[in-house]
Amino acid sequence: MEWSTYPNLPPIAPSLFFTSSADNAVLLSQRIRHHLKRYRGNSATFKEIMKIVKRLSNENGAPDEQEIVAGIDTDTPICKAKLSDGTNLVYQVDQTISIDGEAKKALKLYGVFPNDKVDKLVWERVARRLTAAPEDMPSLDEEQDSEVHELTHEKFVPYSESLMKSLWVGLESAFIFDLSRQEQEIINHPSSCYVIGRSGTGKTTTMLFRMLMREKTPHGLDRRLRQVFVTQSKVLAARVQEYYRKLEATLENSARSIEEIRRIAAKVDEEEEDDDLMGQDDEDDTRADLPERYSLLGDEHFPLFLTFNQLCRLLEADNPDRPAVNATNSATGGSTAGMLSFDEFVGDYWSKMNPQITRRLNPALVWSEMMGVIRGSEGAVDTADGYISESAYLALSHKAQTTFARYPEDVYRIFELYLAKRRPGVRDAADRTHSLLKMFSSEYRDPIDFLYVDEVQDNMIIDTRLLRTLCPNPHGFFWAGDTAQTISVECTFRFADLTASLYRIEEADPLVQAGKRELVKPKVFQLSTNYRSHAGIVNAASSVVDILIAIFPKSIDRLDRETSLSKGPLPTFFANCDDGVAGFAQFLRGKGTSAIPFGAEQCIIVRSSDEREMLRNKISDLEVCIMTPYEAKGLEFNDVLLYNFFTSSHANDREWSVVLDALHDSRAVDQSRYAILCSELKCLYVALTRARNNLWIWDSGVNAQPMKELWLSRQQIRIAGPNESIPRLGGHDSSSHWRQKGREIFLRKSYHEAMLCFERAKRPYEAALCRAYLFRSQARRASPNLRNTAFADAAKAFLDCARMAPDHRKPQCNQYAGDCFSTAQLHEKAGDAYKAAGKITASAQSYRKAGNFKKCSDVIRYHRSDVDESVAESLLKVCRIGLIRENKLKEASALVESQDEFLEVLEDYGSEENRIEILQTWSRYAEAAESSLKEGDIIGAVDLFLKQGDEPSHLRAISCVLAGLWKCCPLGASQIESEDAKVLLDRANSLNPQRMDPVQRAQLTAFQAIASGDKSQLRELGALCSASEASPLHHPTLALLCLDAAFDHVPPLHSLGIPSIIAILDDYYQLGKLLRIAVGLRDACARSSMQQLLGFQVANGLDGTPIPNQYTICKPSPLNQELESIQPNSCSASGTLVLDGGRLSCFIRNYITKRLHDKLFDLQDHMARVSVIELCVQYAMNGHCSKGDRCSRSHDLTSEGYNQRIRVYVQQVMIMCHLASLPRQYWLKQVQRMWLQRFYGALYPVSYNMGNIHNLLPHKIPNFRLALGLLRHWMRNQSILIDKTFPPQHYMNAIITVSMLISKLDLEAAPSYLWMTPSLFNAHRDFIRDFEGGGSAVSIVQDLFCCLVGDHGQALRRGISFVRHILEKRCTVSIHFLLPLLEKLVAHALVEIALQRSGFSAEGLHGLTLPRSWIVEVFQPKFRALHADTGCIWHLRQLFQRILITIFENPGGIWYDDARTLDRVTPPLKDALVLRVCRTLVLIGYNQRNTQTDIFKAITTVPRNNWNERARYTSFILAPDWYRMTLAMRSSMKACDMDELIQLHDCRRPGGLPLQNTRRIIFRDFKDLHQLVAYPRGISSVILSVLSATAVPYVPHTPHLVTSHHVATTEADLNANPTIQVQHPDDSLSSKDPPTVNTQAEGDDATEGDLLDRVKDVDLARQLNEVEKSAATRIADAFNAYKRRREISEEFKKDPVRRYFADCMAVVDAGLDPGPQASREYVHLFRGPLPHILSYIETVRERSLSRRDDMKRQSRTVEHEELESIQELIGENRDLLRAARALMGKIKPSSKKHQECSVEWLRGVIMEVRALDEQACRIFGGKVGTDGNLIIGAEVILQQFFSRQQAPQTIEPTPKRPARPSLNVEDVDM
């Protein structure tokens, strides 16, 4: 939550707590609540009372037997209602203030009284409490006065169902009582407030009720409110918290049943019974129910009630820089939170100061000045040292200097001495607050929503400032207090200072300054009604306040005069009595022989603790509480006796005498002279206001005279003499009452008084506990010569408590006894006590101090888990070493905490040869198994894990079985031959599959499938494990193993159908992908997945630490075969081989590359021979196949079948692309060309019904977008590879294939690379023509490119020129590849000529008849015109006629594909080709009438020596006329899914007769045309969206016509052009032929001529410019440099310095920023000296390991007297080894600290290395190593640092060079 956005919370809703549907409010006093509890056993009477209560709540409702007892002439009469048992329910008719502020009739129920207890005189006073009593009314005696006081001060609670339930079950509950108008105003106040009131005016009550109502009012936050109650008194905090919990529980009881509340009551009683005093006297203010840090507080901790000290402790725990607080012995105690107390200040500092300075000053006043003014005032907050200067202190006005020291210079001098003499680490309360203020100078992360500070006067101003900082809510503060009760020695508090300080903070708030919120000024409320005491006590206390205001007006806030609800008796002042202690004791005992029984609510208050002890010794037989004012603060008693307060006062008679002068003389009093009187008067006020009913003052000293005279003059006391009757103090309280009072007093640390209470309560355990605490507190103050005896007595007292305590408290009692025994130097007894307490560590230490080693070893043996590790080790080390040397392992193991520790001891000092045996003896089979694993015995480890039997061991057995199987069956193992693997598989049968995770089950299934040869299951697992990372079975390594084993050889593809082949190719794609990823992994040998897959692991040294860059290859690994072929007999006896990372990475890369290559090329060889992916031409031509079901080719002529075949080709392309970055690219290039040609053949089959490219549906082919990108890569690659070195027989086929595919699949990007292909510059001479523009010749390939992808003005003519050149030069070209190009040219020519003649109007297409695929080819989503003219038709017709003649005259001269000429193809295939040529010619004539005669003649006159009379093309050749030839054309192309004949018909023209095998499409414009002829979701519709990953879904639109000026004409433009009227004459050859598209006259046909004679021939080929050549050179250089660097890095790894240098270089390359000069300097040091330092540390580590082994051997041979020294040497060596490892971890190249580039930090580390060197030289007895690495590294770094420090100079920053593009070489293969 940001402070700047603190929400506005809704106001408190009192209606949630004070809702009643009754007409009259019924209020129950505390007394009647007690009466009703007694009646709950008598249900009839209880119900009768409830009936009366309900009747009273109704308007004008009254009991039948109602009688007015008193106040008949008042508005608030007292009534009684008789009950059936003869008692009376007494109530008063009164008024109460409702929640809306209105007065409401209320019935106040006082109680159930018998007739003799209804004293009308008492009740008359109660009825008239707010009015004057009649003069004739008799006066009351003391007992009646007390009764009136109690009745008028009753707390009334509104009647509620929850209240009655609690009373019925006897649950001790708390309730929100009836509130006055002012109290309601305070509670409902919507903002912050100050509540000031004297003692007993209800400040804490209003605070608590407001807190509860705020908590229960809905606030709209998404979390719980964080409300905190803070006070200085631990007693008050605990009591308020308890009261709040009861109130909260009471509210919740309204929704509970009687039985539920009864169970709660029983539980509460049980908890109260078990709740004892242990932990209540916790001096360090810790709370077991709270976390250690403030930031850990959760919603469950709020609302929070705690002391200021507890809050500070929580806050300090969040400060990482907090001062350490030493743990103290509970016996000796200590100050709160480790802070200096006033007593410690007096004892440790004041007593040692110069008496000349201190003699005139009071230490309490000086401490107040130091803490409250010099250190705790507002002015000290912003100072650097946390205190104001001497000049500022001396200049303070009286407004701030509240205690007015008479000698301020001396006070400040003492303060300076205090600071100078204060020991390091010692701090006071002001230090703590200043530290926290600095800590929270910024916004706190866990703010408080509402803060309630009670008794705020006990705090320093800086404390309140800290509290203000914690709460960002400006409306969330409640400050309550009374400066008359400021008796803390640290405090000089005034409310005026508080309000001024907080106002300044609020005024300086950034939000207020910025005008974002208004300044919040808390409202000040004064509470003047005292609910605790009657007017007699209140008036006497008010006189003390008057004196304070008169003499010290700045030390106390001026408030309204305090009032009370009842008059009450005057305080009694016993004067002229024996002022000695003995006389007072006699007075208490009275004239009788027995002592006066004091009750739980009676207390004697004395001025000081010394006075208390003196009095207690004299009246030890009287069981009475004796307390000081500070101890009694916050407590209440019915009767208080103030004993010798003035006589024992710190002020003398002269100082007290000023009291009378101040009130009778208007002259100002010298405040500094009488400063001590200020605190004395405040203590007096506190003491007086502790009394509720009776107050007695015993003091005959001269100091008491002034106050006695003052009170007498105001008639506020009465004087009693020695002969006056002794008042009876009544001691008939119940045991529970005594117990409760004892707990309250115990919390005040008044242990003697608490002990008396518990004795009266018959609670022996609590009394004994108080006695023990009392002895301990006395021992702390005892003199040194009596100290040990006193603590011994306290220890015995705690032992007595332990015998009486409940079981859960016995340990703590024993622990306290042990602490006291230890302080008394009785260590053996302390050990016994600690042992009984379960503090085994302390017990062992005590026994050791006592010299009893038997007990020491026994306590450690039998309680090893409870002993602190360091203590146990220090005590037992020598014993363990000696027993191990003697091979007494059993006895040695008994001296350690656990078996594990004994194993560690054996590792350090003994042999490990019996380790496995010992572990098995202890039934620790799991650990024995781990040891077996280290020895390489996997099978034995599995057996031991299974023998252990628990779940973790079973899981380890599973992992070991799988790890063993991985080692025995790595990549390349198609079957399991190893005996170990078979045994492991057998052990796997003992494993529980339910304990395996999905991946583990998959692994085991995979190995079982490998063993059984189940290929299908392996494929299934491979697919599952190679799924997405979100899959629970995602495991690429396992997927690779499964797929590799499944395809150890290619399945018999020739016998499978296309769906099965698709599934296999999918798996092969995943296999290739996984292998390709494995090949490209950097640092493959360092990856755990590769180690698992290939059966190798990191090599370890003798200590088990990994050896850098060294790897162990297991015997079953496939890498062993590679290595054996290169280096025979390289394996060790264990079948392992150790290699460095560089060699191993190379072997891994080569092995996986070879495997990938072999797998995919093997598949490619098989796929090349699969015929099922090709269509049967015979079936396509004739509708049947002579082979029938035996035909190996596909007979599926559907669109689905077509797309499945395309999918197979796409899959094969994707699979072979995995080889793109591998060597052996020559074969890959051939494979690319082959599969591109086959893909081209599948896209453009020989027959129309076999499909065409427009039938390709991308959504039917998974991963088509990815495949398209790969196809483009192949096409671009092939376009670059085709040059004159290309085989001539394949040259033109490759050119046409690549160009046609590019024009369809990569048209947009084609111009960026096609014009620079080698075929344009380095072509065969047969493919070169003369350049029409002059100059050198050009390649005809340029004509093809211009036609397909260029924007040349004569694209169609250049395409025709390309084909004509091929035919004329008899170039080797396959007709299978050439015909789709020619058909494309014909389609464009016919359509564009029709459009040109109509002015590019859609009407011009009327009557055009073409195959659907041709129309779609022309009208792409973006129409691209080839600029046809009528002459193009003539040339195209000539080309087709030439092809037709050649087919029949010289079929051997025409190639069908790369391997066959037409005379070698099957008759159906030849039939299909001839039929295709004839159909194209007839379509030309059908749409261009002037060509019909020539075409008819050309077809019917072909040579007939190589023709098949049964072929379908004979219908063309034998056609008698043109009409029959057109019928043959229509018959040759029957409508099917793939293609059909379409006649375009303008909707504006009249319709004609339907045509055979021709679908008429009626259209209006281009948009209609495109939508009607397009293949739904075909590639022609979606290709644009496929080209771009961010393209929007395709929406059909009007094709754009690209003119010679590169202007795309829109549909609107086309439709706007005037249409050309076209005539449709009848066919000249046959009147039966339907009308054709617009034709021209015979003479209009273009004649044969040069195709390029109309425009200037343009050479579009482009070579690389100099910039591009330079970029290519830079790329090559960078690549070569990268290769060299990789080679060097591999060599460097063999030498430590070079290896570390390579690591440093890698970090620099990865991004160590060398920006500023200092950073560049750091980089130089990082790359230069640092590797030498790292090499040196490695040398130290290796020597330490070797020395450790030597010392282990010595420990078994030296004399036992030397064991300690050996132990010390081993410890030193261990420390050295740890230091070396720690430094290595700190400055290793990968450390994040290097990113800071801090030379200073590096220098500090080098100093640590030097210290390591000194330590190593001391241990090794000489220098470490002879290579000088330390000198080379450390000296250079330090010299560089010091030279820079001593000679600073301004270095001009080097201008940054322009950013250059980075080269990605991460995936470059080496």
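Each residue, glycine too, has its Cβ placed from N, Cα and C.
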Zinc finger per TrEMBL - which of 71-94, 647-670, 1175-1198, 1775-1798: 1175-1198
The annotated region 'Disordered' range in TrEMBL, which must be one of 1103-1126, 1727-1750, 1847-1870: 1847-1870
Sparsest Cβ surroundings (other CB atoms within 10 Å) among the binding-site residues Arg198, Lys203: Lys203
Residues in the domain 'C3H1-type' (1175-1198) grouped by DSSP into helix, strand and remaining coil: 9 helix, 2 strand, 13 coil
Residue among binding-site residues Thr201, Thr204 with least C-beta crowding, 10 angstrom cut-off: Thr204
Arithmetic mean of per-residue pLDDT over the zinc finger (1175-1198): 89
